[in-house]
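See structure below.
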Amino acid sequence: MADGGLIGLYPGTFDPITNGHLDIIGRAAQLCSKLVIGVARNAGKGPLFPTAERVEMVRAEIAPIAERTGTEIDVQAFDSLLIAFAQQVSAQVIVRGLRAVSDFDYEFQMAGMNARLDQRIETIFLMASERHQFISSRFVKEIAQLGGDISSFVPKLTLERTLRRVGRP
């Protein structure tokens, strides 16, 4: 452990950030003295929001968590290899959320590859809370684009921005 406590990195595209992401961030913040939220540029996924706007939304939505937990939470965009970004921000752990068994298979492989690239950085998995196990940014975008109600899946600011982005009032 580094001087001052554990530094964690929670990476994702956050396109958009969901209540499930916020749940994982809140729980990770209780484990770490500093938590970096890495917003992946990931143009290959065809993001709904540009990177800068995703960073801005994440910053706005996590502010109450940082205040409540007293944890330093930093939000940064990145477009490098995840392990290289983890090294850059001095993370000792990469935090990943798991919703279902299907998530585990992919995440297990990624954790193994990351360990091969830098065995000093651990991956820790946090299980999604029961009420958030089915939420994904992909489903949120699809439901919003098709006129469905996403208000129980995303926080208020993100709800407003997502509805505007898909052309809904």
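One is the number of the first residue shown, and numbering goes on along the chain from there.
A Cβ is built for glycine as well, from the same backbone N, Cα and C atoms used for every other residue.
Copied over from Swiss-Prot, here are the features:
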BINDING   T13, K45, L82, R96  substrate binding site
BINDING   T13, F14, H21, G97, L98, R99, E107, H132, Q133, F134, I135, S136, S137, R138  ATP binding site
SITE      H21  site 'Transition state stabilizer'
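Structure with Swiss-Prot features highlighted.
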residue	record	DSSP (3 states)
T13	substrate binding site	coil
H21	ATP binding site	helix
L82	substrate binding site	helix
R96	substrate binding site	strand
E107	ATP binding site	helix
Q133	ATP binding site	coil
Worksheet, complete the sentence: If you rank the binding-site residues T13, Q133, S137 by how many other Cβ atoms lie within 10 Å of their Cβ, the lowest count goes to Q133
Practice prompt. Return the single residue from the binding-site residues list (H21, R96) that has the minimum number of other CB atoms within 10 Å.
Written response: R96
Worksheet entry | Residues that sit under 8 angstroms from L82 (substrate binding site) by C-beta distance, when 6+ apart in the chain | P11, G38, A40, I94, M110, N114
Worksheet entry | Alpha-carbon distance [S137 (ATP binding site); T13 (substrate binding site)] in Å | 9
Discussion item. For each of L98, I135, count the other CB atoms within 10 A of its CB; which of these binding-site residues has the top count?
Written reply: I135
Discussion item. Long-range neighbours only, meaning 6 or more apart in sequence with Cβ under 8 Å: which ones does E107 (ATP binding site) have?
Written reply: R96, L98, T123, F125
Worksheet, complete the sentence: In whole Å, the longest Cα-Cα distance within the recorded ATP binders T13, F14, H21, G97, L98, R99, E107, H132, Q133, F134, I135, S136, S137, R138 is 18
